[in-house]
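Student: One structure is given below, represented as C-alpha cells, and several questions about it will come after.
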Number of protein chains: 2
Amino acid sequence: MQSICLVEGVRAAGVREGKYGVALIEASGTAAAVFTKNQVFAEPVRLMRERMAGGALDGIVVNAGNANVFTGVQGYGDACRMAEAAAAVLGTVPERIGVASTGVIGRYMPIELVTSQIAEAGGMLRSEDTAETDAARAIMTTDLVEKHAAVVRNGFTVAGITKGSGMIAPNMGTMLAFIYTDAEVPAPILQKVLQTAVVRSFNRVVVDGDTSTNDCVFCTATGRRGTPDMNEFQEALEEVCVSLARQIAADGEGATRLIEVRVTGAPTEEDAAKVARTVVGSPLVKTAVYGKDPNWGRVIAAAGRAGVDFDPDQATVAVTDGTRRVLLANKGEICADDVMHPEALVDAASLMDGAEVIFEVALGAGSAAATAWGCDLTEQYVEINGKYTT
Amino acid sequence: MQSICLVEGVRAAGVREGKYGVALIEASGTAAAVFTKNQVFAEPVRLMRERMAGGALDGIVVNAGNANVFTGVQGYGDACRMAEAAAAVLGTVPERIGVASTGVIGRYMPIELVTSQIAEAGGMLRSEDTAETDAARAIMTTDLVEKHAAVVRNGFTVAGITKGSGMIAPNMGTMLAFIYTDAEVPAPILQKVLQTAVVRSFNRVVVDGDTSTNDCVFCTATGRRGTPDMNEFQEALEEVCVSLARQIAADGEGATRLIEVRVTGAPTEEDAAKVARTVVGSPLVKTAVYGKDPNWGRVIAAAGRAGVDFDPDQATVAVTDGTRRVLLANKGEICADDVMHPEALVDAASLMDGAEVIFEVALGAGSAAATAWGCDLTEQYVEINGKYTT
C-alpha cells in the first residue's frame, strides 16, 4: 500500500464506467476541509460548507464526469442524494458524508448512474492497495497517472490521494484531494493545520492562477493511534500535500516537465509566493522550458509584474536540475547571454533536458521564501483543451 | 495615408536590417506618455520617466531587436545615445526626444548599429503613406501585420501606430504605441485623457495579464489646428486607442480569431474590466474558442475567479458574432447543453467560425460595463514561444 489504506481505519473503493467514476472512502473521525474561493462554486461545495461545520465525517463520496455546477436547486438536491446514497451503504447519516464532484460545468448530474455506482462501490470497500488505486483512478479526468502520497512518522501516518491535471488550467477546472491520518486531532486544530498546509502546497501549484469551481481538500483524522506531536504532524501533513501538489503539476495537461520556482529574499512569505506563482504561471516561461531555452529575461520580467516591490539590481536568477546550477543574472549583472557569456547559456540549456527544471530567484528584498510548482506549455495542451467536448 | 501622416506636423521614417529596426517620427508639440507598471523596466522607460516631465517632444525614436532591459548603467547610457542621435538629425535637444525599445531582455544594445540606423532614418523623413508604413514596420517583432488607426473629426485628427503581438503574452513582452494629433492640448490635460483612453483600450488587451518591461504609449499634440472640443477629443483618442488595441489582440501570436468579452451589470467599471480581462485571458476560454466550442461553463468559471462579487444565479452569458446571438445561460438557468438544449449548442458553435467571437456576460450586480480583447490559443503560440531564440 502506498497511500490512504496505510492509515488505520480507512477503507476505499472505486468504480468507473466510461468517463463517469465514483470513489467511496470510509473513515470515521474528526474532519476539516478547504474549498474553492471561486464566486461560481459547485453545489456539493455549497452543501459541504454547511455540513463541515460539524467537524466530523464517516466517509467521503466523489464523482467524476460532471462537476454539478450552475445546476441550482436540482444540483443541490443531487449532491444531497449522493450523500444519502453513501450514508446508506456506510450505515451512517448523510450529514457525516463528504461530497465532491469533478467534470463538465453546466450540465445536470446523471444522478441515477451515480447513485448506482455508489451502491456498487459500497459492496467493494476494503483496505488494500487495489482499493486505494481504484479510488484514485475513479476520480481521474484528463489525469494520465493516479496520485498517491504517504508519510509514516513515529506513531502516526498521513496519506492522501488527489486528482488534477494542473496545467495553466486544469481541464474541467478541478483539483480534489482526500487526506487521511490515524493521528488524533481535534477538528478546529485539524482545520488550522490543513489550511496552512494547503497554502504551502496546492495553492502553490499554478492551476489557472486560481481555484476552480469545485476545488476541495478534505482531511479526516481517524484518531486510532492517539495524539501526535503537533509540530511533527504539521510537517507530515505539509509533506503529503506538497507531494500531491507536485504530482498534479507534473501531470499537467500536455506537460513534458515539472517547473519548480524557488523564491528567496522576499519581504514576506506571501510576497515570495506571489512571485513564485507568477513566474511558474507565465506562458512565456512555460514555453521557454518546453523549448529548453534558458531565457531568464522572461523569468525576471514575470517576477517584476507579480506586484511585489524589489530592486532588479539586487535580484539574482539561477537555473538548476537539482544537481548542477548555473547563475544567469547576478545583482543586475548579466551572467548568461549570447554575446559575452555564451558558454553559460549552453550550460544552462543542458540543465533543462530532464523531468524537472528549477529556477531560483533571489529578490534581495527581505528574508522570506516560498516555492511554487507548474509545468511547461506544449502544443498538446492546446490540443487537449481545444478539442475537449463540452 | 491611413494613420500618423494624416496629422499635421508629423513626418516619419523607418529602416530595418534583419531583426533590428529603427522608427523615427518627427512631431513638435505637447506630449504625454503612459509606461509599464512592471518593477523590472527598460532603461529607456527609466529615462523617459525623467524627461516626460517636460511635457513636450520634438520627436520619437524606437528600436526593435533589443529591449534594453537589465542592462544597468550601460543600458541607460545607450538610451541617452539614442536620444542624442535622434536630436542631432532633428535639430533639437535630446531632452525633447522620446525613446522606446522592444526586443530581447538581458542583452546589451547593438548601439553602433542603432545610431547608424537613426542617422539613416533621419535622411528619409517625410509625410506620406510609405513613411508611416515604414515606421510601423520597423518596430514589428513577431507581429504579422502593421497596425494603424486614424479618426478624423471636425477640426482635428487623432492617429497612431502600434506594435505588439498580444497573445497570452506578447513575444518579448512589449506593446508600444505612438499617437499623434494636430489638436492643441496642454500637456497636463493630454496626460489625463491619454491615461483614461489607455485604461479603456490597451489595458483591456490581455497581454500576459500585465504590462511588460517596455510597454509605453506616447501621445504628441502638434496643435496645428487649434483647440478641440475636449469631449470630442477624448472620444476620438479613445477610438484610436481601441482600434490599435483590437489590432494587437487580433494579431496575437498564433491566433486564428479575435475574442471580445463585453461585461455589463458590474458594480464598477473597474470590476467589469477585471471580469472581462479574466475571461478573455483564460487559457480554457481561449482554447475553447480555437476549437469553436461554446463551452460557456469555462466563461462563467473564469468570471467567478476574477475577484468580483456577483451571484451566478443572476448572471447571463451569450455568444454573438456581431450579427446573430445565442443565449447560453440565463440567470442561473442552463440554456445550452448537450442533453436538454442541444440545438442551442449547435447554433452557438456556428457563430464561432468567423474572425471574431464575442461573449456577453451580464453579472446582474450593478450597472457598470467594460470590454476586453484577446485571441484564441493555438499550437502555433507554443511553437513561436517555445522555439524563439533567446
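Cβ atoms here come from the backbone N, Cα and C positions, even for glycine.
A TrEMBL annotation is a machine prediction, not a hand-curated record.
Residues or ranges marked as substrate binding site in TrEMBL: B:THR141, B:LYS163, B:THR174, B:GLU253, B:ASN385, B:THR390. Residues or ranges marked as active site, nucleophile in TrEMBL: B:THR174.
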Student: Out of B:THR141, B:LYS163, B:GLU253, B:ASN385, which binding-site residues come under 8 Å of chain A, measuring Cβ to Cβ?
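Tutor: Out of B:THR141, B:LYS163, B:GLU253, B:ASN385, B:ASN385 lie under 8 Å of chain A.
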Student: Counting other Cβ atoms within 10 Å of each Cβ, which of the binding-site residues B:THR141, B:THR174, B:ASN385 scores lowest?
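Tutor: With the binding-site residues B:THR141, B:THR174, B:ASN385, fewest surrounding Cβ atoms within 10 Å: B:THR141.
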Student: Fewest other C-beta atoms within 10 angstroms of its own C-beta: which of the binding-site residues B:LYS163, B:GLU253 fits that?
Tutor: B:GLU253
Student: Any idea what DSSP makes of B:ASN385 (substrate binding site), helix, strand or coil?
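Tutor: Reduced to three states, the DSSP call for B:ASN385 (substrate binding site) is helix.
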Student: Based on DSSP, name the secondary structure state of B:GLU253 (substrate binding site): helix, strand or coil.
Tutor: coil
Student: Translate the DSSP assignment of B:THR174 (substrate binding site) into the three-state scheme.
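Tutor: B:THR174 (substrate binding site) sits in coil per DSSP, no helix or strand.
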